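First comes the structure, then the notes that go with it.
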Amino acid sequence: MVGPVTLVEKIWDQHVVHRAPGEPDLLYIDLHLIHEASSPQAFDGLRLAERAVRRPDLTLAVEDHNVPTDSLFIRDTMGRAQVQQLRDNCSRYGIEHLPHGDARQGIVHVVAPELGLVQPGMTVVCGDSHTSTHGAFGALAFGVGTSDVEHVLATQTLALVRPRTMAVNFVGLPPVDVTPKDLILALIASLGANGAHGYVLEYRGPVVDAMSVEGRMTMCNMSIEAGARAGLVAPDERTFEYLRGRRVAPQDAAWDEALAFWRTLRTDEGAVFDHEVTLDVSDLTPFVTWGTNPGQAVPLGDSVPDPATLSEPTQRAAAERALEYMGLAPATPMRQLEIDTVFLGSCTNGRIEDLRAAAEVIKGRQVLPRVRMLVVPGSMDVRREAEEEGLHIIFQQAGAEWRLSGCSMCMGMNSDRLQGSERVASTSNRNYEGRQGTRARTHLVSPAVAAATAVTGRLAAPSDL
Amino acid sequence: MQVFTTHTGRAAPLGRSDVDTDQIIPAEFCKRLTKTGYADTLFANWREDPEFVLNDPARAGASVLVAGHNFGTGSSREHAVWALRDWGFRAVIATSFGDIFLRNAFKNGLLAVALSPDVVERLAGCAERDPAFEIEIDLDRRDVRADGGTWTFEVDRRARWLLLNGLDDIGVTLGSAQAIGEYEGRRHSWLPALRRGELATGRPAEHGVAR
């Protein structure tokens, strides 16, 4: 390597199997996560071509998209068939697999990190756009489609052109009630839903340094919502402490060797990014979405924007359409919006820290009787940890439903779906039309705002209680 | 991989930007186990509106979709591409595409062509006025011809070569099997590797037994 380079370039160069001028690099993939919804056709392709899975030992399968969170029985026959197909494929090709009902099952992006499978400097892919979550460990992690899943199964590589790099420099320290979810929603609102297109983001600044690994996962998870290929954070002592002693993390002499290597995984002094953005977070407040893409977000204290104030015609048309779908009038204060359902969970905010934050707000309070609140731990391990801390009692006493783990209400593929045009405050990652139910209206929020909203029945921050 | 050299077809204007893959195909239709049979699911929610462009009988047989910016953003579901292909689309023209959608598209012989906003607007305008308006796309020359104009577009070199020759993407990569093996010999020894049965704690829940 010549001269100072960014972390992304370092990881990239360390994984190039084959490079030729004018061609994409052939990149080695260290970890391939699979789930039931994006893999059946990939395995079919392998079978038809009579190909083997090159590295079943670098592959982990989890059941998460289709599984119900109120029982261990999938009522929907197609969902059941998809899960069965995953089981058959894993059995046939010798792939480790965490089924619905297993004590380690959960959302793929929650389970892999908690096992210690995701480590700094690795390349990680999954047939799932929120694979960017794993960038929190200083790994290069991104989502792929089913054809690429098949390609990785067969070759453990992908042919890719290296994405451009963008530094996201957060300056200042935010007030205490501002969470990683608020930071990322504010960033996406400032960049736009396509503002990071073609880039890998590196999040930097004192607020990131002070952030837990769980919080970094929340931020990296939503990198894709700004159009980025991936997002990452350079590994530091917090990362190493998180990994130490995890089930498949290196141990003893291997740990020391790995640690020495991980400490080299930083953007070099003087390295040049293709682009840099700076966001001052000193005056940030909790953020919520008002529209139908994650870039359409405002501070909770603001009002629904007026499309007439937007000068760019496509943006104005998109905003008008979003307000119509969302059933909102311009200039309505966000705090006045009545919420029917609160969803706490998903690969964005289904980790123990998220459940703790919500429990702290809701402890000793009640979910408003007309509001339904679902609490869905991101994994069965998170669920167990929460129960050991008594969090489930807090939620249940408040009137919330305490569920098993899965993707649940994030994406409308299982039985946790909204009915009609219900309005939901959701800690998930996408507020698209129909995402959580055919006509459902989604407002993306942090776990703390979700809990406060459940109590008041309107979008609210803990400070409103 | 299906060969793509040139295609000339009638254009359908979508008239929307930031079209996410949840709109192209809602998640409830992503439970199928096949790569085909998705035509009925394309834009399923929008098609409930009788005014939606693809419900117009004059648009039947259109094979080039013209959208705004950031088409195919969001979820990685390749079902979105399968649905567009099954409907009969061979190409989508927009000012930009979601990254994962773009890769999925070329892997299925659906050409995703990015052109500048003024050109996309012009083509969409022509298509809105005239359902018989045709667009010609030539992958070899890397250009689009319509309405008396010619515009070149960028395309990933490997993708173009695979498409023009109808090559098997995985088969081509397997030609580098030796280099892959050599790379594997250089990987750090501490990197995680799993044995089947190493992590799972017990029996999966038996389907059919409600709890």
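Glycine is treated like the rest: Cβ placed from N, Cα and C.
As annotated by TrEMBL, [4Fe-4S] cluster binding site applies to A:Cys347, A:Cys407, A:Cys410. Contacts of A:Cys347 ([4Fe-4S] cluster binding site) defined by a Cβ separation under 8 A and a same-chain sequence distance of 6+ are given as A:Ile107, A:Val108, A:His109, A:Val110, A:His130, A:Thr133, A:Asn221, A:Gly378, A:Cys407, A:Cys410, A:Asn429, in order along the sequence. Annotation note: A:Cys347 ([4Fe-4S] cluster binding site) sits in a helical segment as assigned by DSSP.
Neighbour density for A:Cys407 ([4Fe-4S] cluster binding site): within 10 A of its CB lie 32 other CB atoms from the protein chains shown. Within 8 Å of the centroid of the Cβ atoms of A:Cys347, A:Cys407, A:Cys410, where the record puts [4Fe-4S] cluster, the same chain has further Cβ atoms from A:Asp64, A:His65, A:Ile107, A:His109, A:His130, A:Gly345, A:Ser346, A:Thr348, A:Gly350, A:Gly378, A:Gly406, A:Ser408, A:Met411, A:Ser428, A:Asn429. Its own atom aside, the Cβ of A:Cys410 ([4Fe-4S] cluster binding site) has 30 Cβ atoms within 10 angstroms in the protein chains shown.
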